[in-house]
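Following: one structure in structure tokens, then a few remarks.
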């Protein structure tokens, strides 16, 4: 099967297969561990369809009558390894043994913790601990509450307030669309913010999450606009993000009325007080609407605290806030329930620093003040530097002026000075003097000698800060993230600059700055900071390019900062809100929050103490709120409601009597979720959504993605708690039915998981077995007296390539030969010609004389040309050869009488003459031309006569330069090397009876080459060129065969070998009822090396001359097999989840299934694994009278994987054949899939069968609401496809976290499963036809680029798909927003670069999306971060939805690919380096290219059982350890469930370790003393240069393709 992406203009792709890296690295140790217990093949990714693991559960398999009974070949004995390798493996074993305990840590995360507990003990555990409730429960409960009443949400920073706002906006807009469909007046929603910077941020977030027209306004953007402008804005948009003042002015001028607003969202609502615009909007306009029916239904506010400024929480103004906003506060009853999504603070500490010195001025500051101190522009800078010297230190104060008077800023200062003076007076003589003072100040700073930074020149506060940072960034920790909060922008800038000085740099710390969008005059940096700049800084912070940010209050609220583990309050907070919000940034596990307090400063101490007191008071205040203000979740007073509810169901397991009731179902489900595979740092939980429905409450439970069943819905009950239990109960029943809970209600999924995710159903390319091999086709077994014959003409397309006149050869057979594909023959000196095998119409009935003549010609060819004298009758010959009267260029297809084209004269002459009679004295000179002569004593010597030489006699010495004869007499017994002895090759005993005449004529001739394999183009010219010589004819035999017939018959062995191979392949196709094109049939069955199919390895035992092997067809067939089975499973099994779809598909397309089905029909016998053999092409069953005999090999050794690969190649051949039909179709390929998989889940024989078997589900055909119709209309305008069923489109964008009960639609997962395979096929089609000469490895790697998550995520943003996704997870909202910002920045940079380069060679087709159509480099996405998985998922789901909606029209998929994907890949050279971005490949380049090390290995071995773990668990959940070993030391290691991903993980870790390490440090650390040879050094230098192509390439950026063919 196709290899996963192994990670050219760039030579990076050559590292794997062609570069010196591949020659010097022990590839066996990388790809195939040689020690016992190590994996023989790298298993595949989870859900990698070809790498499915057999469950090994014999009971389960026996229960299913359709279960495959796999045949598994025993592994062959391991090949021998060198002593060096053996020592390395032994050392690796010792290392594993010594570190087994450490390696085993964390493995219990993948095993059910409670596996050994009884069910009763689980019950007792549950009684003593509450089930953790997902934060999403509270978010959705708050969302539901906000839909019915005005609400003030009081939630911690990072707990998802913005998500709730987005959900509410979407819900409001969807209701607005329904109202508009009813002809109700238009209304619009407003999202109001307090700060200008937040306008851009919140608009960017909402625009990423709402696929509706949104607009943003603030400040200068709406000055001097008219009423028409606002009317147009309100008509064209569904929502507006703006500062509150903007809306207030619009209401004041009556550009809009309050009854035209359907939603108000107040961001950070605690600002609603006094004359704040929030308060004025409510008091002046909202409250004035007396008719409650005309008021907007919801006025909602978001805040982290109802407390503002320094107000005592005990007298908090929540009643005032509630009354002013006409809303009710809503907060969580148990704040700790949000901790797993919010703050995870470990400790909060106070650090003291020495008292600051009194304010003073440095000498530079005083000198500058004397020059420009009176100028207004310098008043704020001087005010800052007056305090900077004492608070930061004199070095920072002087450094401020050095930065202030940078060269590019001086001109701006002069211009500002002029404007300032002119503003006071139209003309002033002081202008020149003041400008000169500015210039003088610049010269003064330029001439000042600045000292290097040192602790003596820094304040004690800065010194302590540096000490803290050094302690926090000690060692290598790539996950360390720190924010230092300061009060002033200049302080942030100067501290960042200080840490960038060489003397002050802290290893591992990369400083950055995050400040607001204002432009204070005191700042030395006058550049305006945009929201985009802020987001790009945050992205760098997230990626680790920056890990310590100096930030002002802008980082406290609003901006979505990545989770941190160090927060430092350099300047203490002024308000409780600042404290709560800045502390909320410390969300990583084990975070620390540091207050920097001045020694002996009671005010500082009081502030810190007051923080805790105020927070405690606030918490008590929230707890004291009335019950209707609290979000209780779904567990509130569960015991009471369960006792009260009588209508509870119960299930008893018949076999064991175990009972499942409502309360216990929560425990069972929690245990099951905990048993699912997950990273050690992640805690999986089930999500519960309880909605109010007629009659009470109904709950939907959603399980994590790794679960085989994703969701279930319970019954309606009067309480939330019982409704929740009902949903859990329904889910448990489904798990029991699916056998994911055992007879004791314990999870079995962990034990079954390897059966569905690892590589036990894959077969190995290393496991081989002997199989019978068909040498000859069945056609030749039809013997007997011929009554009628059919003919095939063997002609040359370019007969001049032979360099001798020739005529076609007729092959006469008892049955017609199928069409044989043309193929080339190679004649040396760059001469070649295609051979056409042309079936001649009709048949011929011959008399006995004619038959005997054909027998004579056939046997004469065998005897005279090939030195094989057979005794055979016409009944014994499988075919006959005959000369023809027609030429190579003749049209044999128009022959009407077959017997007329046979050269019967030549046939009769051959039949009547065994040899041409030769009279020594009576022959004319013409006799000695154009005859074919054979040596009866030496079968290797054949001659063409050129003519008589009257100037030579037999006793003349053989001239120099004539090729010497090979016979023994010439070398041993001949005393004279004359022409006579040259011509007589008989042995000594025979020579005694021969006395050739010495007066006979001498003839000039050509010695013909004996080479038969004309199929091989890798030959020397000398092997095929005739050599001149001089002979006498008396000891030789002149053949009766015509020379033009002989010239063509010399090619017959190669032709016959290819015909035999083609016929055997076609017989296999006929056996399977597949009418495949002949050349494709042969290609599909051709295996030309021992490791065909291993595209990334050097070929072993390559056999030339076999033509194209199966690899390209296998690449194509693999993808079609995936698509066909995917469509079939999607069609036939509509009620299963995506996970089960993957399982079912794995069972169909896994190599083990193909391998076993192939063996059942003996397909392996037809595989062509042997190149041309000069003794195997002769007919079988004939009696050989004279000539060498060789027993034919009738067996060949094939790897299990080879047989499976041939199955896929045959599917590929069927696909190409079907595409050539009129019209092009898939029918033949679909029949091939059905034959190969042989499964009830794929029984289709034509493409139309797929849709004929599809029954549209009820949700697809249900009536659409206005929201769904609006979405379909917008997508039609954007994408060009009009959906017949808009609900399909809606489903394609519904994330699994979005409750299905909202719109009664399933999530996109089933459609994504379908679209993934469809998009794969479209990509493979494009590459296969666009690059007909590309090898399968290249095709696989570049296909991975096209279908990678990284590209599809970019495409989702490019097409605007991200705005249409419906989800209920704040983490997804955050990820999408960050990724969209990054990808749009990369796109803009690409456009900017294109505008600077008019003749951009990467210009491609304009985008049809909503972005401007222009030319730019389409690889801008390569260097971006990984996208959130939902983005590539919705692209695939959209493709799947279009496919289903169009009644399975694949042309729609091709159109999507051509319009939206192909423009990015017109120049595939852009992605050569990306295609090779595989961790192991890249590590190989680093080790040899940069480190110059040759002694390293990547070793994989089974991890021994963990002490204390049950043996059964170990057997069912195998773990392997992979280590990068360098000179006997472990550089990096990883533990994984499969060898393949262990190697990837270990390589990533090794790359991380080597990042920033130079060759000298590496050699010292690992004792490397490798000395490379001259060629190796040159190759290493080349590799090192190539690695610079991706200078930022690091382990964090490595991506392995998620899709594609299984390995």
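The backbone N, Cα and C atoms fix where each Cβ goes, glycine too.
Annotated features in Swiss-Prot:
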- 1-74: region 'Disordered' (REGION)
- 142-324: domain 'Helicase ATP-binding' (DOMAIN)
- 267-270: motif 'DEAH box' (MOTIF)
- 461-632: domain 'Helicase C-terminal' (DOMAIN)
- 665-755: domain 'Dicer dsRNA-binding fold' (DOMAIN)
- 905-1040: domain 'PAZ' (DOMAIN)
- 1063-1219: domain 'RNase III 1' (DOMAIN)
- 1272-1447: domain 'RNase III 2' (DOMAIN)
- 1429: site 'Important for activity' (SITE)
- 1478-1556: domain 'DRBM' (DOMAIN)
Tell me, please, if the domain 'Helicase C-terminal' (461-632) and the domain 'RNase III 1' (1063-1219) are in contact, taking contact as 3+ Cβ pairs under 8 Å between residues separated by 6 or more positions?
no
Most CB pairs under 8 Å with the domain 'RNase III 2' (1272-1447): which of 665-755, 905-1040, 1063-1219?
1063-1219
What does the DSSP secondary structure composition of the domain 'Dicer dsRNA-binding fold' (665-755) look like, as residue counts for helix, strand and coil?
35 helix, 20 strand, 36 coil
Enter the number of other CB atoms within 10 angstroms of the CB of residue 1429 (site 'Important for activity').
16
Using DSSP, what's the helix, strand and coil tally for the motif 'DEAH box' (267-270)?
2 helix, 1 strand, 1 coil
For residue 1429 (site 'Important for activity'), what is the secondary structure state per DSSP, taken as helix, strand or coil?
coil
So what pLDDT does the domain 'PAZ' (905-1040) average out to?
83
